[in-house]
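Features as listed in TrEMBL:
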type	residues	note
TRANSMEM	42-62	transmembrane segment
TRANSMEM	82-107	transmembrane segment
TRANSMEM	119-138	transmembrane segment
TRANSMEM	144-165	transmembrane segment
TRANSMEM	198-217	transmembrane segment
Amino acid sequence: MAKQLFGASFEESTKITHNLFDKKQVWYDSGARGSQKLGARIFNLVPLLCFNVLTYGLGIFLPETADMGTSYIKDIWEGAHYFQWLKMLIILCIIIWSLLILINIFPKSNYMITRVFEVSNLVLMMMLSFLAFMPMLLGTTLGATGWLGFSVICLYGFIFFINTVQSSVKKIKQELYRELIEDNTPLVAKIWQRLKQFWLVLSVLLVLNILIFRIGMWGSFSVWRFAWLFAGPIYFGMLTLFICGPMKLYISTFYFAKYSEQYRVLWRVSDEQWYGKRKAKKLAKKQLKQEKRGK
């Protein structure tokens, strides 16, 4: 029976879930976003809302003003127009994330909810970033290389991304279950190995297409096209880095939420650490009253 990424037991999950209350732990720290202090969470609104403005500018404003500027820049930026369909999706993500930021002002019932909330914020922030950078990076790649070059770059980028995700998942499974997972090579890995054999030939063809053949391209030739040729690989590199890099964080957060009570006992978390000072005092008073009644 195949091992499932989200099917590990509590004992198995402890192999990737470190003590979140250990001062020396190296996992993602949300800072003010996960702080118990109201003032810190309110102050944190400023940079997060500024990020929303930046996202709107990159994902919506710049593509809409792509027809401005000199002619050779116009030709390259024209590719961003093909990604204007993302406008409503970006606005929707901005609204949802803004609501989550505002909700974060209010205290949570326990640390588990706080942790899940802050990691969810991180995931949504990265999704918003990928959508916002898509018109600028992939759009300019399309404008610089044409449909032929754009298709080749996206093929390589997408296969690289999927292959890296599969490799990351396999490594996490091996950590969870302490055994070799999936000895057979996945189809995507085989395709990636084959694509790597032809990358130099295809790179030369892309350059020749920009210089001579100009298949699927528009506008006049410009040296700037070679500079924007790297925008596509940069986008897929960022996508892969920020999805696969903290993947263990996402999985460990799932298990922390699933087995929160067991982890609380294992890590010997106090009521103050788990519920916060105010609620911990209420629980202590309630327990004291119950003890007095018992006597």
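Glycine is treated like the rest: Cβ placed from N, Cα and C.
By number of Cβ pairs under 8 Å, the transmembrane segment (82-107) is matched best by 42-62 from the list 42-62, 144-165, 198-217. The stretch with the most CB contacts under 8 Å to the transmembrane segment (119-138), chosen from 42-62, 144-165, 198-217, is 42-62. Residues of the same chain lying 6 or more positions beyond the ends of the transmembrane segment (144-165) and with a Cβ under 8 Å from any Cβ of it are 76, 79, 138, 186, 188-189, 191-192, 195, 199, 202, 206, 209-210, 214-218, 224-229, 231-233, 235-236, 239-240, 243-244, 247. Only residues 6 or more beyond the boundaries of the transmembrane segment (198-217), in the same chain, are considered here, and those with a CB under 8 A from a CB of the stretch are 144-150, 152-153, 156, 225-226, 229.
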